[in-house]
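Since the structure comes first, as structure tokens, the remarks are kept for the end.
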């Protein structure tokens, strides 16, 4: 999910390697680690395909006023992948909790509502005439993808209304709510890796705000290798104690 299809493809390979490690090693919660890794592998492969076949436009402050259908369809898939992530994390929480089943059940329902409501608003935007746009934001003149200032993909959306359309802050809050409610270190390492990836990506790669949603290439290194390191260390401690 970085600068070009070659980079996205390389990070896809890293996901394949780490996912294979989870399957072979089978630590506690290996299915959740595999679910996490497989989802972001899907995102990396998707962005590889988008760079290759998605007809991505060049940099634009307000996005494209007219967007070809192939680009539009790729951008809709990007929206779906973005908003499946909070659902992913609440489902992982539900699968691994022993005391907060009710909480994660409610949170999953909330995340599903945000997902489907946002999708409804997105499709409603195709029938709405042009309205005001915000420069360098996720809201564009059309639902379309272009290359950003620092070379990352920029996914812009034209919803039916801007006022209640889920945004970056909504996304981060919903993800973090799941992380803070995880019950043990074996699952908290997923949230820690995700948060560290976000921080390091912003500091090291310095994507603009509008590019941040697609700038998750370091997640394959930071989050997955953090999980692998945790599994390796915790397994070693367990064996030592036998």
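Keep in mind that glycine also has a Cβ here, set from the backbone N, Cα and C atoms.
Swiss-Prot lists 4-24 (among others) with the feature transmembrane segment. Outside the transmembrane segment (4-24), and at least 6 residues removed from its termini, the chain residues within Cβ reach (under 8 Å) are 30, 33-34, 37-38, 40-41, 44-45, 47-49, 51-52, 151, 217, 220-221, 224-225, 227-228, 231.
When Cβ-Cβ distances below 8 Å are used as the criterion, the transmembrane segment (34-54) is approached by residues 1, 4-5, 8-9, 11-12, 15-16, 18-19, 22-23, 70-71, 74, 77-78, 81, 84-85, 88, 91-92, 145, 153, 190, 214, 216-217, 219-220, 223-224, 227 of the same chain, each at least six residues removed from its ends. The transmembrane segment annotation in Swiss-Prot covers 34-54 (among others).
DSSP gives residue 73 (N-linked glycosylation site) a helix state. Around the Cβ of residue 73 (N-linked glycosylation site), the same chain contributes no residue under 8 angstroms that is 6 or more positions distant in sequence. What Swiss-Prot lists as N-linked glycosylation site is 73 (among others), and the listing cites sequence analysis.
With a cut-off of 8 Å between Cβ atoms, the residues of this chain six or more beyond the transmembrane segment (74-94) that come close are 32, 35-36, 39, 42-43, 46, 49-50, 54-55, 67, 100-101, 103-105, 107-108, 111-112, 114-115, 118-119, 122, 143-145, 153, 155-157, 166, 171, 174-175, 177-179, 181-182, 187, 190-191, 194, 213-214. Annotated transmembrane segment per Swiss-Prot: 74-94 (among others), in sequence order.
If you look up Swiss-Prot, you'll see 106-126 (among others) marked as transmembrane segment, on the strength of sequence analysis.
Residues or ranges marked as transmembrane segment by Swiss-Prot: 162-182 (among others).
The DSSP secondary structure for residue 185 (N-linked glycosylation site) is helix. In the structure as shown, the Cβ atom of residue 185 (N-linked glycosylation site) sits within 10 Å of 10 other Cβ atoms. Among the features that Swiss-Prot reports, N-linked glycosylation site is placed at 185 (among others), with the record citing sequence analysis.
Taken from Swiss-Prot, the feature transmembrane segment applies to 189-209 (among others), supported by sequence analysis.
Summarising the annotation, Swiss-Prot assigns transmembrane segment to 217-237 (among others) and lists sequence analysis as the type of evidence.
When Cβ-Cβ distances below 8 Å are used as the criterion, the transmembrane segment (106-126) is approached by residues 76, 79-80, 83-84, 86-87, 90-91, 93-94, 143, 157-161, 164-166, 170, 174, 177-178, 181 of the same chain, each at least six residues removed from its ends.
When Cβ-Cβ distances below 8 Å are used as the criterion, the transmembrane segment (189-209) is approached by residues 2, 32-33, 36, 89, 92, 136-137, 148-150, 152, 168, 172, 175-176, 178-180, 182, 215-219, 222-224, 226-227, 230 of the same chain, each at least six residues removed from its ends.
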